[in-house]
Amino acid sequence: MSALTLRKPAGEITIFEHEDWMVSKTHKRRWRLALTVISVTRVLFSLTKKVIDKEGPLLRTFSFVAIDMQPIHEDSPPDETVTLLTVDPKELGDMVRDKNSESLSQFGGAKKVALILETDVKKGIKGDEADLNQRKNIFGANKYKKPPAKSNMAWKDGWYDGGSIIVAVFLVITVSAVSDFKQSRQFQKLSTESSDIRVEVVRDGRRQPVSIFDVVVGDIVCLKIGDQIPADGLFLEGHSLKVDESSMTGESDHIHVDEGKPFMLSGTKVTDGFGFMLVSSVGMNTSWGEMMSSINRDLHEETPLQVRLNKLTSYIGKVGLVVAALVLVVMLIRYFTGNTRDDNGNKEFNGSKTKFDDVMNAVVRIVSAAITIIVVAIPEGLPLAVTLTLAYSMKCMMADHAMVRKLSSCETMGSATIICTDKTGTLTLNEMKVTEFWLEKEVVLDDTSSNLAGKILKLLHQAIGLNTTGTVYKQHSASVPEISGSPTEKAILSWAVFNLGMDIEEVKKNYHIIHVEAFNSVKKRSGVLVRRNNEKIIHTHWKGAAEIILSMCSTYYDSAGVLKVMDEEERLQFGTTIKNMAQKSLRCIAFAHKEVVEEGGQVVEKLEENGLTLLGLVGLKDPCRPGVSKAVESCRAAGVNIKMITGDNVHTARAIAFECKILNPHEDLHNEAVVEGVQFRNYSPEERMEKIDKIQVMARSSPFDKLLMVQCLKQKGHVVAVTGDGTNDAPALKEADIGLSMGIQGTEVAKESSDIVILDDNFASIVTVLRWGRCVYNNIQKFLQFQLTVNVAALCINFVAAVSSGKVPLTAVQLLWVNLIMDTLGALALATEKPTDDLMEKLPVGRSEPLITKIMWRNLMAQAVYQVTILLVLQFMGRSIFGVSENVKNTLIFNTFVLCQVFNEFNARKLEKKNIFKGILKNKLFLAIVGITIVLQLVMVEFLRRFANTERLDWGQWGVCIGLAALSWPIGWLVKYIPVSGK
């Protein structure tokens with residue numbers, strides 16, 4: 001039996017079996033010829049088709065071959081319309097995919113389809129390269145389009161988790177750096193403006209003003225009263241030139257500069273006289289520059305809050321690692337024991353039947369879940385929140401006369417337990433005023449006395465040698481000449497000019513100064529030797545500490561102006577008067593004089609020191625600033641101890657301390673409350689540590705004594721704030737936890753060494769800084785309670801879900817959104833809370849108190865338990881309760897979780913008080929931030945579905961989320977009825 005296969009032009013394959021008839025040889029040749037023609041025609045047709053497809057239609061020619069083949073077997077009519085080249089691949093694909101029998105019948109069955117596809121049901125297709133290429137061109141290759149491989153940049157989906165973490169870190173670093181940089185630039189600008197002083201120099205024979213920064217070595221600088229010396233130099237010439245070097249040496253005595261003592265230091269001030277200086281050193285080569293370079297080092301000491309936050313972060317990190325490790329182990333055990341199932345309920349791991357790729361994918365998913373637990377545990381938003389809180393408070397403190405140079409000092413001030421303050425200029429006005437005047441045993445307290453003018457006038461006449469006829473009176477003159485001299489001299493002479501109308505120029509015109517003895521801190525006196533024009537009588541005048549001048553006197557004037565001899569009893573009475581004045585915080589100054597007649601042409605050049613006549617006693621007082629005593633009482637009520645450190649004597653220091661309420665007359669009567677610097681420094685280390693808490697006032701102190709006290713207090717565990725205005729205060733300012741420099745009196749060195757600059761030099765402003773510091777600390781505690789509630793709830797829900805089902809409902813992106821964006825806005829909202837009076841009713845937290853109190857734990861755990869409960873109900877029963885898909889259920893969990901934090905933000909406003917809405921309408925920024933938070937969450941859920949892995953929610957589902965979240969308000973109110981201690 002044999003078979004003959006024919007191909008028709010339509011591409012059909014017909015098989016004729018001929019068992020009953022024979023074909024002649026002629027017929028065979030004809031059939032072979034026809035077969036050859038058909039094959040050649042098919043090849044030409046196929047080639048023409050390819051050319052047309054590639055290059056377009058061919059031009060018609062007259063050379064062509066047309067063959068008309070009639071069907072041999074009339075029982076199998078060919079389908080002239082459907083061929084291999086014209087069949088629709090999509091139609092074939094849809095027929096099989098949809099299991100469409102009707103469509104198969106239209107084709108004529110499976111064998112008919114085989115004919116159309118030129119497939120031999122016995123031998124298959126030809127399989128040569130041309131046939132295979134043709135079929136691939138028509139129907140395509142049997143390959144599936146795979147998504148493009150993710151690059152290392154992962155721009156489409158993979159960057160969400162990693163990118164979110166990078167953005168979080170970038171925001172924390174950027175905000176902190178920008179805030180510190182702006183504050184540094186602000187201080188630098190203020191410092192540059194205040195330092196750019198105009199000085200007068202001699203160049204090319206002419207005086208000309210220049211900037212202090214333009215002074216060069218070799219310049220001759222003209223100096224007068226009130227000028228700041230711009231550089232180190234040497235005295236050339238001048239008259240009665242005195243310099244205040246207290247900013248450099250700490251000594252309040254004015255140094256007399258002349259050819260014998262020609263050295264002048266930069267940064268000091270001229271207090272009297274005038275002169276010319278040769279500049280020898282400028283910039284960092286000066287004594288001031290050397291001091292600046294020595295204080296530019298950073299101690300890198302952590303603040304109390306930084307210590308607490310580091311401990312807290314370390315503890316949270318350890319908890320997160322332990323929980324993550326536990327989750328990893330449990331989920332791996334669940335997977336490899338076959339207890340983890342996919343969405344269809346099938347086991348994910350079936351031993352050796354499971355492909356290696358599937359196992360690796362499952363392991364990666366489990367590790368990702370564990371890492372997500374760590375993401376939940378670590379409060380990524382906390383550093384940024386603290387920085388934002390401090391930056392906002394710093395801006396507000398500028399309006400309260402406090403410029404913060406170091407952000408962390410805001411919160412440190414809230415922990416302060418001790419404030420060591422100067423007296424002059426801080427507690428007092430630094431304005432000396434005459435409050436008492438003693439003639440003999442009679443005191444003149446004010447200008448209401450009818451004979452005041454006569455007594456003072458007579459005294460001054462005798463003091464400077466004027467008689468009544470030689471004085472020009474200008475009662476209450478509006479034109480008063482400039483009065484030079486030390487602060488004490490200015491105070492006395494100004495008082496005399498304004499109250500008596502004396503003309504100082506008359507004194508200067510009629511008297512010639514022979515010799516001046518400058519004030520000496522050892523002798524505590526100053527004197528002048530003068531002679532009236534054209535007279536031989538030399539007048540010796542002394543002024544100084546009353547007890548020193550008293551010891552030089554042997555006579556005195558009584559109230560009637562009669563000269564009397566001073567016996568021992570009267571000397572004791574004067575001594576008692578001096579002591580009583582000192583106990584009233586008065587600086588007691590005595591005046592004495594003696595007349596000497598020149599004889600035999602002998603010139604008198606030495607001031608007499610014995611046999612003087614006491615003219616009178618003047619009580620000078622630097623009044624306390626208004627409101628100081630109230631501010632001190634506020635500090636004491638808040639548990640902050642105030643210690644006064646001054647260079648005054650013990651009696652004056654004690655009197656000022658009583659007036660400012662630093663000393664309590666009912667409590668601080670023991671001798672250990674007031675000590676002198678020399679006594680304090682001579683204590684043994686054990687004695688100092690034992691007595692340091694009892695000391696309230698340290699008199700006659702040096703900068704070293706102040707530094708020593710700060711070090712001892714810190715060793716005792718106190719958080720110490722120190723005020724200072726001089727260059728010599730720099731070590732103590734750097735050593736203290738908070739250095740407070742004075743903006744008006746303070747030197748640049750002191751300001752550079754400090755953390756906060758008090759712009760108005762007022763102690764009341766220091767108390768304001770204390771209030772703000774406590775407010776900052778309290779706001780950080782509020783935020784910390786808010787943040788930890790988020791972390792505890794998210795940690796619990798992800799842990800339970802991961803262990804029970806092997807999946808986590810909150811993704812890493814969602815958790816970062818809550819921890820960073822939500823908590824950053826929450827920090828801003830809580831940072832805008834202003835200081836309240838109740839902050840000053842609490843004791844300071846110091847160094848050792850825990851950052852998270854029991855009250856905070858009570859509030860935190862109540863909210864966390866509630867949130868975990870409702871989120872777990874949604875996790876395990878949400879699909880059945882609401883009849884939603886897995887993705888919608890996870891979105892409900894995420895949305896409810898976020899809205900719980902929004903409502904809990906209101907609870908965090910008050911840690912102890914039940915009324916969380918008190919004063920909320922005054923804080924417009926808080927309400928605005930809450931509104932922004934809700935809008936951002938709406939955008940996150942409804943419009944950023946791919947990024948956040950969420951699904952859109954309908955109105956009913958939003959209502960359920962809001963209702964569940966709102967229940968946190970009554971829970972927060974009820975839980976505050978549970979009594980706990982404050983610590």
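Including glycine, each Cβ sits where the backbone N, Cα and C put it.
Record features (TrEMBL):
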- 159-179: transmembrane segment (TRANSMEM)
- 195-295: domain 'P-type ATPase A' (DOMAIN)
- 315-336: transmembrane segment (TRANSMEM)
- 366-392: transmembrane segment (TRANSMEM)
- 788-806: transmembrane segment (TRANSMEM)
- 808-978: domain 'Cation-transporting P-type ATPase C-terminal' (DOMAIN)
- 812-832: transmembrane segment (TRANSMEM)
- 925-943: transmembrane segment (TRANSMEM)
- 955-975: transmembrane segment (TRANSMEM)
### Query
By DSSP, how many residues in the domain 'P-type ATPase A' (195-295) are helix, how many strand, and how many coil?
20 helix, 48 strand, 33 coil
### Message
At a C-beta cut-off of under 8 Å, are there same-chain residues at least 6 beyond the transmembrane segment (315-336) that contact it? List them, or none.
### Response
348-349, 362-363, 366-367, 369-371, 373-374, 376-379, 791, 795, 799, 802-803, 806
### Query
the transmembrane segment (788-806): which same-chain residues, six or more beyond its ends, come within Cβ distance under 8 Å?
316, 320, 323, 326-327, 330-331, 334-335, 340, 366, 369-370, 372-373, 376-377, 379, 815, 818-819, 822-823, 852, 860-861, 863-864, 867-868, 871-872, 875-876, 893, 897, 900-901, 904
### Task
Take the domain 'P-type ATPase A' (195-295) and average the pLDDT across it for me.
80
